[in-house]
């Protein structure tokens, strides 16, 4: 037994250390949240398209030559940024993001040709790919027990930053028009970006990351090493090539991929991954081109207010999704089909409004976009939960990275065919007609799948118990879901993902945790 005096002395030594750790953690949380808030303050972002049209770029140039560069370059930089984020341990990528934003606004201020604006889109694609660094970085500095709180704080900071930026832009836009200074919003945005760059230089760089700089590797002899130490009778000593192949087969990434292939047999995982890929591609095409669609009324511009309203509604719908409690094994496809059908109807309204004269077109476009974005954000935390509920933290990062890449590839292919002048080069109104058909086809496919699931359940599934209804609660899920079997990952426990999809305001594991916390 330990003497009482030694126990008291040990506790007395631990208390100051715990106090210092708590104080350090609070300071770190505040600084990260402040950086996340300031990094979103770009009041000119909602008005980039009107600014380009004021600089004598035509709608055709913006639609068919400038904007299509964004998905192309995003696809090109996505994988390198994804890997470098982990290899360089996050902080350098956050600095790169700020530098890329500086290049974006410098090109907006100084550029005069289509080539300059296309280069601006290339730098903007780097900032989009680099958003993954912030969402991963915040979880590498704290203990797992603090993940949920960190996620809620950081997510709230980002949402508040986007909302504030949109409102500020809307307030300053009329002043810019009256002052005849078309660059005022761009200069203010550049100032905020430079300040964010200064903040990023003082961020603490973590010692470990998810894949390349792991903190707790399983140190065990590989099969080829065991064969070399104790070769069997009559077996030749393995050569260099065989040892290299053995190391590759037993590498962490290969083990993760083999584990992922096994997990893809789960119907719910496949379903929500497919939703992520196909719906995200259509969603971001709408986001890219909706500002061009709004340019039909040059005398009325409430882009900032609409972005603020859509951000607020997205936060509300994402939060409300946390209270949905149904049997997802039975109703997932029906829920997805219903939401996508709503999206299809809203996009079709955006298209049809150009052919009617009895409504104020711009207000209908504003309202349908706000509702469209809110509908998409309703399913994001549900999809995040369904994907994360049976995967480890590392596998979640890999799955979301693959989903984002596939969605970007699909988005790029559609852009090449529909928008690019080397393809069909359609006007923006015709593009929205095609996008509405795209969403309608997805909805019909999901409805058919839901009907087939219902028929199977009625015929032979009544005696088979379905999984109980689940709320979107990662804390409960971490207790209910059993740990993964030994498949090369050392029995990693399921956890929510660290890496996010491309939209820094939206698709994230952090939003799931924040909403569950709320």
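Each residue, glycine too, has its Cβ placed from N, Cα and C.
In Swiss-Prot, residue 86 shares a side of the membrane with residue 455.
The feature region 'Required for substrate-binding', as given by Swiss-Prot for the ranges 394-406, 407-419, 420-432, 433-445, sits at 407-419. In Swiss-Prot, the entry for N-linked glycosylation site among 56, 213 corresponds to 56. Which of 392-415, 464-487 counts as transmembrane segment depends on Swiss-Prot, and there it is 392-415. The distance from the Cα of residue 162 (folate binding site) to the Cα of residue 56 (N-linked glycosylation site) comes to 28 Å. Packing against the transmembrane segment (182-200) from elsewhere in the chain are residues 31, 34-35, 38-39, 41-45, 47, 51, 54-55, 91, 94-95, 97-99, 101-102, 105-106, 108-109, 169, 172-173, 175-176: each is 6 or more residues past its ends and has a CB under 8 Å from a CB in it. Binding of folate is attributed in the record to 48, 49, 121, 131, 162, 281, 282, 286, 366, 370, and the widest Cα separation among these residues amounts to 26 Å. Counting C-beta pairs under 8 angstroms (sequence separation of 6 or more), the transmembrane segment (330-350) reaches the transmembrane segment (267-292) with 3 or more such pairs. The secondary structure of residue 56 (N-linked glycosylation site), as reduced to three states from DSSP, is coil rather than helix or strand.
In this structure the alpha carbons, written CA, of residue 121 (folate binding site) and residue 56 (N-linked glycosylation site) are 18 Å apart. For residue 48 (folate binding site), applying a Cβ distance below 8 Å and a minimum sequence separation of six or more within one chain yields 108, 291.
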